[in-house]
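Below is one structure, written out as structure tokens, with a few remarks after it.
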């Protein structure tokens with residue numbers, strides 16, 4: 001078609017006035033139909049293969065386009081060579097590989113289980129018996145602990161860690177493997193229905209010991225998950241259940257973790273105790289815990305214990321270190337006489353003479369009666385006879401106090417309780433575990449120097465005739 005145009009017109013509107021003659025006007029332009037050449041006809045009749053297969057194909061291509069663009073963007077970001085050959089076919093994941101990946105995922109999640117189990121360091125034997133159902137179900141700490149240990153057994157690439165986790169799962173707690181304490185309805189539930197307080201206390205002590213080793217395992221698992229080089233860990237042989245009569249337990253890795261935890265919580269205040277007793281009975285972590293306690297932390301820790309509050313992280317570490325120290329200590333052969341003063345009431349206020357009571361917190365006493373008098377004020381002053389106390393005078397920054405520290409919940413028998421002329425309650429206590437040969441029937445009351453009377457150090461206080469009749473010198 002040949003078109004002759006007048007460039008003056010700016011708007012073109014096509015209309016046909018005579019279809020037969022092929023003549024028409026387009027605005028001010030005149031159009032005339034002419035014969036089409038053979039080459040043009042062949043070009044117009046040429047057919048090409050279709051790029052799509054209808055509407056669905058075009059819609060599919062449009063939907064796929066964004067994903068193709070994302071793939072290209074990722075390839076560019078990662079530096080994929082665009083000149084590479086056709087993409088490789090996707091390799092199917094074998095069942096073995098899938099199982100391995102699932103084990104690795106469970107192993108990584110074990111850290112969360114260990115974190116939940118940390119609260120087991122703070123519960124008592126009574127709580128263990130009363131709350132076992134909640135501790136061993138759902139996300140309870142006992143259930144979480146056992147699940148985490150199982151994940152290490154099946155997922156860790158380090159044989160040492162797998163052996164350690166296996167040994168912990170088999171560790172007897174009150175004669176039943178720890179693994180069974182993570183569920184309800186079995187032997188543990190049956191045991192707890194009639195377990196006496198002594199058994200619950202023993203079970204909790206064994207669990208606390210196991211938790212010390214769990215802390216070391218947790219650190220090793222964290223290192224493996226992070227891809228760090230393998231660290232040495234306590235093997236299953238070192239943490240195997242103790243047979244009857246055995247007493248040696250390898251606690252070095254747990255002690256290291258405890259020491260690092262105390263340093264993290266208390267900084268230089270804890271570090272000052274490092275190396276204080278290089279060849280002594282107690283480890284660095286235990287010395288740190290005892291030192292921190294005597295250096296002011298006793299107030300916060302004992303208050304939380306007496307009010308049955310959950311211990312914070314620092315208090316829990318100190319409590320753990322002191323507990324392991326008392327487990328190591330052995331009673332002295334000689335009976336030790338110490339003194340204790342309190343400004344107000346104490347755990348023995350309501351304990352009658354001849355009866356046994358205990359303080360749920362740690363019990364600080366001194367060889368020096370003046371220290372007890374300074375602490376006593378108008379409250380109470382007690383004279384205590386015992387053999388299980390730890391002498392912390394070489395550890396404490398207040399070494400001149402000559403402190404003898406008794407473990408929490410140490411049973412004491414009240415031999416005597418009376419008020420002096422100033423209204424101060426004066427008591428005589430002895431460890432309930434003392435035998436008859438070392439107790440009060442063998443001369444314990446033959447010369448007790450309980451306190452100072454108003455008349456001075458050399459004048460016996462005679463106002464209470466009961467004390468005089470018992471042979472007690474309250475001077």
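Cβ coordinates come from backbone N, Cα and C, glycine included.
Per Swiss-Prot, the feature active site maps to 340 (among others); the stated evidence is sequence analysis. With a 10 A radius on its CB, residue 340 (active site) counts 25 other CB atoms from all the protein chains.
Residue 364 (active site) is surrounded by 24 other CB atoms, counting those within 10 A of its CB over all protein chains shown. According to Swiss-Prot, the feature active site maps to 364 (among others), an assignment based on sequence analysis.
The active site annotation in Swiss-Prot covers 403 (among others). Every protein chain shown contributes to the tally, and the Cβ of residue 403 (active site) ends up with 25 other Cβ atoms within 10 Å. Residue 403 (active site) falls within a strand when secondary structure is assigned with DSSP.
Feature annotation from Swiss-Prot assigns domain 'Bacterial Rho-GAP' to 93-226; the stated evidence is sequence analysis. Across the range of the domain 'Bacterial Rho-GAP' (93-226), the DSSP-based residue counts are 105 helix, 4 strand, 25 coil.
Across the residues of the domain 'TR mART core' (260-436), the predicted structure has a mean pLDDT of 88. Positions annotated as domain 'TR mART core' by Swiss-Prot: 260-436.
Taken from Swiss-Prot, the feature site 'Arginine finger' applies to 143, supported by sequence analysis. Summarising the environment of residue 143 (site 'Arginine finger'), the number of other Cβ atoms within 10 Å of its Cβ, over all protein chains shown, is 21.
Distance between Cα atoms for residue 340 (active site) and residue 403 (active site): 10 Å, as a whole number. Mapped onto three states, the DSSP output places residue 340 (active site) in strand.
A gap of 7 Å separates the Cα atoms of residue 403 (active site) and residue 364 (active site).
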